[in-house]
Amino acid sequence: MSILALVEDRPTPKEVYNWKIYLLAAVASFTSCMIGYDSAFIGTTLALSSFREEFGFSTMSKTAVNLVSANIVSCYQAGAFFGAFFAYPIGHFWGRKWGLLFAGTIFTLGAGLMLGANGDRGLGLLYGGRVLAGLGVGAGSNITPIYISEMAPPSIRGRLVGVYELGWQIGGLVGFWINYGVSETLAPSHKQWIIPFAVQLIPSGLLLIGAVFLKESPRWLFSRGRREDAIKNLCWIRQLPADHIYMIEEIGAVDQALEEQRTTIGLGFWKPFKAAGTNKKVMYRLFLGSMLFFWQNGSGINAINYYSPTVFKSIGLHGANTSMFSTGIFGVVKTVVTFVWLLYLIDRLGRRLLLLIGAAGAAVCLLIVGAYIKIADPASNPTQEMTGGGIAAMFFFYLYTVFYTPSWNGTPWVMNSEMFEPNMRSLAQACAAASNWLWNFLISRFTPQMFAKMEYGVWFFFASLMLLSIVFVFFLVPETKGIPLESMDVLFESKPIWRAHATVLAKLREDEEQFRHDIEESGYSKTGEQQVEHVSEDLPKV
């Protein structure tokens, strides 16, 4: 088998790979467009002279400016931290669809509040709006990956959850370029900096409109006892009748997983909290999920996202427009590489190998950039044009982006969406998303101070964390590509970790062959023509 071949846990009818599943993933991923845009535009907006003049940055000390900038950026992450947890009861009781509508509504209210800010009113409305927007994206970062993973066929689950990451990068691309556009085309004014804030309403509006038409997650419906609705939605998504053998297998696996949960963790609202504190298997996976986001943020990527002018200045780029243009190129590179990751790598090369390769390559590039800054000290020796060493440093910076983006950028979100059983999934994803926003908050809050105090040492610091992540992934993180959600317990119990995927996949294929043999022995047609009453229960074929 080719290393880039799709991995199927069982023969999958071509009808399963239909446009509906991609459409649902795309609509849900407007949440990540909100996140990506908000993460990208704020740093360069704070660098606009019109914004700095209106809010009196010119009268503040450098320390005060760094503090205010860090507060504006980081209150968004603080809101997102709590939003990730608030989404748990909504997703549990009301479902994934209503959770997405909640996220879009709160974000829209926050974006609208920010539009009321000006020099006379001060920064209060910006702070309040950023916190509300953070609550919205925190909720969305919890619910969206779960929603997509619960609908996705195992063989393309990484690709579909990857659409969430693609939305993040597209939003980021717009956010990186919009300030360059307004700075080049508009004179410094209130209008110049308020336009980037207003654009936030576009992805949230699209989410609110699209989410109305989304199908509820079949697995959530099963967990709530709404079996008829669950089978109907699953048939619509898979484009197969309820009595097709593929559907019988999938529904049977969900039933079995729910029964196992009922006898172990339990299906109530509070049961997952008890499991999170007492069940060693659950605690271990929560630890893995949180640490994946620790290493992701330890790559330094969010320091670049939020403070790109500061980052590029440390390499030797001078001038606001030059930094904004370089930031825009950074966004283009991330988006292009994300397409490659989405279409060819995540479900073919897998999660584990991508993380290992990405960490090694990113670490080398960060070390080279840090060494250049240490030797050349471009901040203390500015030149009109970049030197050859500076150009090489920029090359390795963009090469770092190429290594990081198809590995650590989206893969932790994919893995956290698929590691847990159904009733644990909402709380576990809440913990994982909150963990991401916690590390994100710390990076965004202290990056200006780190660059002021550590200078080139910041690059070595992030490189060291990337090297340590290699050890973590190799010994503790199993490969999950192609493994059904209902078989994750077996995967994480298999040892050694680096062979677990092959072991479990072989067992799944053996069980599937036996299941089909038993079905055929009982007189069931391979084409699914015979009615299977305990599954379809008088549902019409779709």
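Here the Cβ of each residue, glycine as well, is placed from N, Cα and C on the backbone.
Relative to the membrane, Lys20 and Val504 are annotated in Swiss-Prot as lying on opposing sides.
Ranges compared are 131-151, 236-256, 488-508, and Swiss-Prot records transmembrane segment for 131-151. Taking Cβ pairs closer than 8 Å, the transmembrane segment (326-346) reaches residues 4, 40, 43-44, 158-159, 162-163, 165-166, 169-170, 172-173, 175-177, 180, 304, 308-309, 312, 317, 354, 394, 398, 401-402, 405-407, 409-411, 414, 481 in its own chain, all 6 or more past its ends. Sequence-distant contacts of the topological domain 'Extracellular' (44-74) (same chain, at least 6 residues past either end, Cβ-Cβ under 8 Å): 118-119, 122-123, 126-127, 130, 176, 179-180, 182-183, 188-190, 192-193, 196-197, 306-309, 320, 323-324, 327, 441, 444-449, 452. When Cβ distances are compared across the two stretches, the transmembrane segment (131-151) makes no contact with the transmembrane segment (286-306), since fewer than 3 pairs at least 6 residues apart fall below 8 angstroms. Looking at which of 23-43, 194-214, 286-306, 388-408, 457-477 has the most CB pairs under 8 Å to the transmembrane segment (160-180), the answer is the stretch 23-43. It is 194-214 that, among the stretches 75-95, 194-214, 353-373, 457-477, forms the most Cβ pairs under 8 Å with the transmembrane segment (23-43). For the topological domain 'Cytoplasmic' (215-285), the number of residues in each DSSP class (helix H, G, I; strand E, B; coil) is 51 helix, 0 strand, 20 coil. Secondary structure of the topological domain 'Extracellular' (44-74) per DSSP (helix as H, G, I; strand as E, B; remaining residues coil): 26 helix, 0 strand, 5 coil.
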